[in-house]
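Colleague: Straight from TrEMBL, here's the annotation block:
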ACT_SITE  A:T182  active site, nucleophile
BINDING   A:T149, A:K171, A:T182, A:E262, A:N381, A:T386  substrate binding site
2 protein chains.
Amino acid sequence: MSVTAPQGFRAAGVRAGLRAHGERPDLALVVNDGPQQVAAGVFTRNQVKAAPVLWSQQVLQEHDLRAVVLNAGGANACTGPDGFGDTHRTAEHVAEVLGCGAIEVAVCSTGLIGERLPLEKLLAGVDAAAGELADGEEAGTRAATAVLTTDTVDKQAAASRHGWTVGGFAKGAGMMAPSLATMLVVVTTDAVVDAGTADAALRDATARTFDRLDIDGSTSTNDTVLLLASGASGVEADADAFTEVVTEVCADLARGLQADAEGVTKRIAVTVTGARDDHDALVGARAIARDSLVKTALFGSDPNWGRIAAAVGASEATVEPGTLSVTVNGVLLCEAATAVGDRSKADLSGPEVTVEVDLGLGDGQATVLTTDLSHAYVEENSAYST
Amino acid sequence: MSVTAPQGFRAAGVRAGLRAHGERPDLALVVNDGPQQVAAGVFTRNQVKAAPVLWSQQVLQEHDLRAVVLNAGGANACTGPDGFGDTHRTAEHVAEVLGCGAIEVAVCSTGLIGERLPLEKLLAGVDAAAGELADGEEAGTRAATAVLTTDTVDKQAAASRHGWTVGGFAKGAGMMAPSLATMLVVVTTDAVVDAGTADAALRDATARTFDRLDIDGSTSTNDTVLLLASGASGVEADADAFTEVVTEVCADLARGLQADAEGVTKRIAVTVTGARDDHDALVGARAIARDSLVKTALFGSDPNWGRIAAAVGASEATVEPGTLSVTVNGVLLCEAATAVGDRSKADLSGPEVTVEVDLGLGDGQATVLTTDLSHAYVEENSAYST
């Protein structure tokens, strides 16, 4: 159930003292001992990219990673050339300790935007982490825990199939939207795969999982999903099977991110069917998932389906009122854009809510996962940097 | 300061008993006694349109309105052909009472989506309102007050120039986004204008005012802005001067809507300059104004400018980090996408916040008005239909 579930990986999580408050660990190291060091990465589409994203994107052009170093306590975003220098220095230090090149080390950072990291503490933390590198589930969990910010639990997953294993961890609890969500994710595997297979599998998996998670419509400067393949199982993976298992692990991690989102009291799955095409379905589902009025109504366990109809109607998706229906928790409340049945029959008192919108225009469909908009979300996010 | 400020108009506001709770008035009537009855309208771009919007759009093709009847207590949206019949019957009843054609009567409704209106009460309310029609400010204020929903104060404005007057009222406190905001607005004038001038002036004014107000990114099914011109001043208005004064009145009403938005504790003006063009500036400003993380930070008086940079970076507007700067309440906090100065110097404790983002790429600029995302917003909107 962790990045160390596949063979060929060691991990560590230590306290480097980067966080403003508290005693929690804040630095993680994941090392691929091979024999292969194939890697792939998917990054934020935000035009304002953090230093570690700029660095890791460059490094990933080689599809070859020996290690990933991750830190909480600061995003190292909007820190200029000096911030980029800090990331470079961190990668060099990891490389020195492991005896590889800096170009084989990816860097991920998370936390407040616009503050420099305390570099000396960070480099000392790298030394400490290198000294504690270990295989086994406990080491993986220590790494998964060290990168949490407003997360309340670690998010880990693993699956074994066909003689090889895929494992991973994720962090992220807010600022989540397409373009990955504010997340750092490391996925590992001991399958034997080439760079093209790894890259294609990761792109496909993220498009179907993390890209369908939309907590608040906000897209971070630091989103990074990395895949490291050690080949240590000695078993070559079929490309389709590999994509399937990577997708399974990513979906598991995405559900974990949803369940632990900032201030969540309801886990909401918004499905649009009957769209002109899948893209239109996704556009409509995202619009509903992002709508503050829909999300506050669901926080209040209020089946106010009119807001759902209004949200999809206001989106870029093609909507014909005459064929629009809305079902909430299995109860059809609106057909042909007209009220049917009794809205009080849709019981929303539980933590799971399904919103199904049928546009009645075609075969396109998509599901987006989101959460409600609660007092706790406002509370957490109104007091983050101060 | 009301729709009765221009000559040639009478108004009334009465309690028809349409609201689920309370004793507040809920039905307004505004009558144009001429000599001219020129009119123009701008409506929601939501694909799911309420019955009164469908009716009023049809009626406005003639650019000729004798009266507008408005009700709170129900949006008459998603009510199907029966709901459209209710709107038609309401217009017919107003026409009978006033001795005109139903085609000269616009209808506006606001309230919960998906519920039929109690037609008998509504028609009785029309009779009562017709009996109380009067000119003068008090009558205008009674009409302005009758259409409020979660609004806490009536929003009215008027301006006299060049021998003629423009007046108006607006209602709207949430579900506000481009495509007008959830608002019903009636603007009146005694200037002599033709239909083309009235239409052009209203479109221009709404594009620069109500369309630049974005409270929560949600777009309603019922948004309507109507302009009625009586010609009673006998003074023909120059087209440019007319557009200018209508824009002034609409801007005044838009500021009123912002100040009374649901749960507002801060009034926020987001200005993007230096964009490639005005459209790009507007796209960027809207993205910042809609960002939940920006809005919760400002609720917490937290100058977390990194979220502002992230929001514009994630938008469709072209952003180059190297030329991006962010200023909050006059304090430059970020230059070349890099922290400068001390964020604690930006004092956000007051109720007014200005966010200025310079993209450094061209001459495009735009301002969008919004509010913070507060506990009170969540509270109001989690308990609306129940």
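Here the Cβ of each residue, glycine as well, is placed from N, Cα and C on the backbone.
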Colleague: Write out which of the listed binding-site residues, namely A:T149, A:K171, A:E262, lie with a C-beta under 8 A from a C-beta of chain B, sequence order kept, or 'none'.
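Modeller: Answer, by Cβ distance to chain B: none.
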Colleague: Select the most exposed residue of A:T149, A:N381, where exposure means the fewest other Cβ atoms within 10 Å, treating these as the binding-site residues.
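Modeller: Least crowded of the binding-site residues A:T149, A:N381, by Cβ count within 10 Å, is A:T149.
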Colleague: Measure the Cβ-based neighbour count of A:E262 (substrate binding site), defined as the other Cβ atoms within 10 Å of its Cβ.
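Modeller: A:E262 (substrate binding site) is surrounded by 27 other Cβ atoms within 10 Å.
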Colleague: Please list, in sequence order, the residues in the chain of A:K171 (substrate binding site) that are at least six apart in sequence and whose C-beta is under 8 Å away from its C-beta.
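Modeller: Spatial neighbours, sequence-distant, of A:K171 (substrate binding site): A:A72, A:T110, A:A144, A:V147, A:L148, A:T149, A:D151, A:D154, A:K155, A:M183, A:L184, A:V185.
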